[in-house]
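The feature domain 'G-protein coupled receptors family 1 profile' is assigned by TrEMBL to 22-285. What TrEMBL lists as transmembrane segment is 12-33, 45-63, 126-149, 190-208, 229-248, 268-287.
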Amino acid sequence: MDLPTILKAASNLLLIAVGIPGNLIVLLVFGHIGCVERKLLPADSIVFMLAFVHLLIILTRGVPQTLFTLNYRGFYDSSTCKFLIFIYRTSRATSMSMTLFLSAYQSVLIAPATSRLSYLKPKLPMLILPSFVFLWLLNGATCFHGILYTSQMRNITVLKFTLNLSYCLVEYPDEATYFGTGTMELTRDLFFVFFMVVTSAYILFVLYRHREQVKGIRSSEQNQNTPEMRAAKIVVTFVTLFVVFFGVDNMTWIYSMSLLKAPADLNNVRVFFSSLYASVSPIVVIASNKKVKSKLQC
């Protein structure tokens, strides 16, 4: 293998080596807490779902990409490609919506009692499961086109408007479908990112105002380290990572839409950055969540 191929394989293997164990640890810890305590806090349930979604992203995009880079061609028929692309795209959209849901939940949780958001606090636990079901169905519906246009790699000439994923092809029948699908996905992504930024800005505003209010009080350090405040800071970290990594992903997607046939290397960049958030986020949870750290220490 040449040097670029070795570097691509090494980077993908690194993401897999970090992402799969990291997400499994988060899943196992919160699963154990749910079994022992018979319930999970709403924020823990969202983080649990995020870890599950991120594990799916790595398994359906990172692993096939790595195997293809290592010259393994064993199982990429059309049916497998349709399954992998549909699950990946649905998981990617669910990762965005769950991150937004987590930031929105945390912004409501730390809202002052005088805020208009405070009336939602008692209703939050009842909204968790219906929100999960709604987001999965919504994202699956918006990603259904992945089943229609995905096929295995072929030696014949491919269609004009094609995304070459190295191990699979996404072939759009015409220009209208190509740009229409891309515009729909881009609009959805920008919607999620916009409200992530809004909710994160509100969280930062509440944290700043809280710090100003407790400044000079002897117990200020304790007040700033409440579980709600710590969780709010973690959520802002999540959103920041998401905006950076998926920002590169979406900019690459916009550029690929300007090309009649996107090269495989361009899509490899998208694969790397879309999997990077899924691999890094469990590290943030393990390093900052006291429940996870206490279980690992035991």
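Glycine too: its Cβ is placed from the backbone N, Cα and C atoms.
Computed over the domain 'G-protein coupled receptors family 1 profile' (22-285), the whole-number mean pLDDT of the model equals 80. Beyond the ends of the transmembrane segment (268-287), by six or more residues, the same chain brings 8, 11-12, 15-16, 18-19, 22-23, 25-26, 47, 50-51, 53-55, 57-58, 61-62, 65, 92, 95, 165-166, 234, 237-238, 241-242, 245-246, 248-249, 252-253, 256, 293, 296 to within a C-beta distance below 8 angstroms of the stretch. Recorded stretches compared: 45-63, 126-149, 229-248; the one with the most Cβ pairs under 8 Å to the transmembrane segment (12-33) is 45-63.
Remote same-chain partners of the transmembrane segment (229-248), defined as residues 6 or more beyond its termini with a Cβ less than 8 Å from a stretch Cβ, comprise 43, 95-96, 99, 102-103, 106-107, 109-110, 189, 193, 196-197, 199-200, 203-204, 206-207, 210, 223, 269, 273-274, 276-277, 280-281, 284-285, 288-289.
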